[in-house]
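Taking it in order: structure first as structure tokens, then the write-up.
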Amino acid sequence: MERKDFETWLDNISVTFLSLTDLQKNETLDHLISLSGAVQLRHLSNNLETLLKRDFLKLLPLELSFYLLKWLDPQTLLTCCLVSKQWNKVISACTEVWQTACKNLGWQIDDSVQDALHWKKVYLKAILRMKQLEDHEAFETSSLIGHSARVYALYYKDGLLCTGSDDLSAKLWDVSTGQCVYGIQTHTCAAVKFDEQKLVTGSFDNTVACWEWSSGARTQHFRGHTGAVFSVDYSDELDILVSGSADFAVKVWALSAGTCLNTLTGHTEWVTKVVLQQCKVKSLLHSPGDYILLSADKYEIKIWPIGREINCKCLKTLSVSEDRSICLQPRLHFDGKYIVCSSALGLYQWDFASYDILRVIKTPEVANLALLGFGDVFALLFDNHYLYIMDLRTESLISRWPLPEYRKSKRGSSFLAGEASWLNGLDGHNDTGLVFATSMPDHSIHLVLWKEHG
């Protein structure tokens, strides 16, 4: 049939076909299919898929495709990536979807990075790490051996761990290698804090001392307490050292001169923790940038002015129970915005701007958890048998790690958390290094470390 004649015939057939009922149209199609050969059937098969199975990701504008993808969970999205190259390309290009998926896992997000494929890879890495935490496979352990008597003082900073012992020595360890960097002769150590040049120690001999790492020389000796010194902190910027003691007193010292500037009284129990920290919020009594002095005993947390006024008064006292029926656990967290402490009733979080209790986090499945570290996303907790990670958004325990029979001091000085940045959200790089350290009955130090990504 000539082309012109064919087009005329086709037009006539089309007019007639459109006048048929649906049933007649179906019968006509069935008859035509029965008359078709292999070439016609293959043509029909190829075109039916396009007509009947519309690929919305391929046909819709990219903005609408991204909007639809935001309603799917990440695991479904990963499955959809396997449908076709086109689907994989579109889904892997949706930055917001993968950033949100990472945020929901508690990972820190840099919004300036808009590379969708980067965030998809971060998500895949994140779910692997979260699976390891869930399956108790995210950590590994190690030991530091070198002391010959009990170790009751630990302090960690930037990959270095300081240990103070009753063997009259303090050692500085490189956690990554397990090697002792410095070892100096001291007095008995109940508390330690260090920087690159110096070590400050609080002792059971009722004094505080400052030592030089490089020479081991004692550069300053602070005398005045009448009980063991359980906690120390200092600021080079202020040239101030603070100490808390079993004599119920907090003392403020001139760091370089060694003279006592003030004695703060008001505690009726051992002062087990002192913290010198800059305020990050405008509070009722402080402005951002002001230095804050906190002290804690087994019942109360006190906030003090930093000055030289004699008989200066405590600015604020925080407690869990007015009748002292509930004790505070020894570890105290203060980051300039929030004060957090654990008790038998759970974790208490105070807003430093108002001193109000923001929330009480209870863990009914595990009682009497002690606080090690607290962040925006995670908290690190422990008891006599396990180390726990809590997701603070859901207040649920998402991981635990077994601990050996360690030496747990009532003051909280013989155990500590390591790197803390991951508590504000993992980012694929900060889940390295030390997680937890504690002294052992055999005088060694037990370390829990992040296992490298597999």
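All residue numbers here begin at 1 and follow the chain in the order shown.
Glycine is no exception: its Cβ is also placed from the backbone N, Cα and C atoms.
Confidence in the domain 'F-box' (54-101), given as mean pLDDT, stands at 88. Look at Swiss-Prot and you will find 54-101 tagged as domain 'F-box', backed by sequence analysis.
Annotation source Swiss-Prot lists repeat 'WD 1' at 146-183, citing sequence analysis.
Per Swiss-Prot, repeat 'WD 2' is recorded for 185-221, and the stated evidence type is sequence analysis.
Residues annotated as repeat 'WD 3' in Swiss-Prot: 224-265. For the repeat 'WD 3' (224-265), the number of residues in each DSSP class (helix H, G, I; strand E, B; coil) is 0 helix, 23 strand, 19 coil.
Look at Swiss-Prot and you will find 276-314 tagged as repeat 'WD 4', backed by sequence analysis. Through the fold, the repeat 'WD 4' (276-314) approaches residues 233-235, 238, 240, 242, 244, 248, 250, 252, 261-262, 264, 266-270, 320, 324, 327-328, 330, 332, 334-337, 339, 341, 352-355 of its own chain, all at least 6 residues removed from its boundaries and within a Cβ separation under 8 Å.
Marked as N6-acetyllysine by Swiss-Prot on the basis of similarity to another entry: K298. The Cβ of K298 (N6-acetyllysine) lies under 8 Å from the Cβ of E269, W270, T272, C327, L328, P330, each of which sits 6+ residues away along the same chain.
Remote same-chain partners of the repeat 'WD 1' (146-183), defined as residues 6 or more beyond its termini with a Cβ less than 8 Å from a stretch Cβ, comprise 189-195, 199, 201-202, 211, 213-214, 216, 407, 409, 413-418, 433-434, 437-439, 443-445, 447, 449. Helix, strand and coil counts from DSSP across the domain 'F-box' (54-101) read 34 helix, 0 strand, 14 coil. Using DSSP to sort the residues of the repeat 'WD 2' (185-221) gives these counts of helix, strand and coil: 0 helix, 19 strand, 18 coil.
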